[in-house]
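> First the structure, then my questions, so here it is.
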Amino acid sequence: MTNHLTVIDHPLVQHKLTIMRQKDVSTAGFRRLLREISLLLAYEVTRELELTTTRIETPMTEMDAPTLEGKKLALISILRAGNGLLDGILELIPSARVGFVGLYRDPETLQPVEYYCKVPGGLDARMTIVVDPMLATGNSSVAAIDMLKQRGAKNLRFLCLLAAPEGVKRMQEAHPDVPIFTAALDDGLDDHGYIVPGLGDAGDRMFGTK
Ligand code: URA
């Protein structure tokens, strides 16, 4: 499968994203919008979940009604900003299994180094959605997906809020089997690896740090 990029261009997503990009939005406002937008993004990224049928009784009659097939899906948050997307998605899919991947950048090699990884079992049989709001250089996303594949994940999706062309290219080269979903494809990266026009540091904006 060639990894393809889906830009979720639903008007509500685009409108909320425009508000989030604005520098004077409060931490509380940013967090609320992120939660709202993540519900809409989750709706799109789970479109290909497989269905089976279950025999049920309505007040009128019996029927074979659609239900999700297979193991519960896995949501993997790349710490720390991934947690902002995770919270909203869990409201929509409360039974999902959840994992966390922590990476830091080695100051000498500038490459991502794992400091934490705790993921659900049975990843080989679960749709696994990796969440991180910003796909910038792609280095941490590629490393996180490497780690998940080593632990058996096969059916992966990557979900972000903003993507830079550099990160999309890096992901497509390293993991052509992983579809990418984003609310916008921005112009590129600045000299510090920030997405432009972007929204700044997603973690700082959602947690009120700086
Ligand atoms: N991480 C962020 O939080 N913002 C960017 O623009 C790039 C990476």
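Note: Cβ is positioned from N, Cα and C throughout, glycine not excepted.
Bear in mind that TrEMBL entries carry predicted annotations, made automatically and left uncurated.
I grabbed these lines from TrEMBL:
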DOMAIN    7-209  domain 'Phosphoribosyltransferase'
BINDING   R80, R105, D132, P133, M134, L135, A136, T137, G138, N139, S140, D201  5-phospho-alpha-D-ribose 1-diphosphate binding site
BINDING   I195, G200, D201, A202  uracil binding site
> What same-chain residues, at least 6 away in sequence, bring their CB to under 8 Å of the CB of D132 (5-phospho-alpha-D-ribose 1-diphosphate binding site)?
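Non-local contacts for D132 (5-phospho-alpha-D-ribose 1-diphosphate binding site): S77, I78, A81, G82, L85, S140, S141, A144, F158, L159, C160.
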> Tell me which residues of the chain lie with their Cβ under 8 angstroms from that of G200 (uracil binding site), as long as they are six or more apart in sequence?
K23, Y194
> Round to a whole number and give the Cα-to-Cα distance in Å for the pair A202 (uracil binding site) and G138 (5-phospho-alpha-D-ribose 1-diphosphate binding site).
15
> So of all those binding-site residues, M134, A136, G138, which one's Cα sits nearest to D201 (uracil binding site)?
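Checking each of M134, A136, G138 against D201 (uracil binding site), the shortest Cα distance is to M134.
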> Counting across all protein chains shown, how many other Cβ atoms sit within 10 Å of the Cβ of A136 (5-phospho-alpha-D-ribose 1-diphosphate binding site)?
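Cβ-Cβ neighbours of A136 (5-phospho-alpha-D-ribose 1-diphosphate binding site) within 10 Å number 26.
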> Just to be sure I understand the contacts, which binding-site residues have a Cβ under 6 angstroms from any atom of ligand 1? Candidates are M134, A136, G138, S140, I195.
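From M134, A136, G138, S140, I195, counting a Cβ under 6 Å from ligand 1 as near, the near ones are M134, A136, I195.
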> In sequence order, which same-chain residues at least six apart have a C-beta under 8 angstroms from R80 (5-phospho-alpha-D-ribose 1-diphosphate binding site)?
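Listed in sequence order, they are G203, F207.
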> With DSSP assignments reduced to helix, strand and coil, which class does S140 (5-phospho-alpha-D-ribose 1-diphosphate binding site) get?
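Helix, per DSSP.
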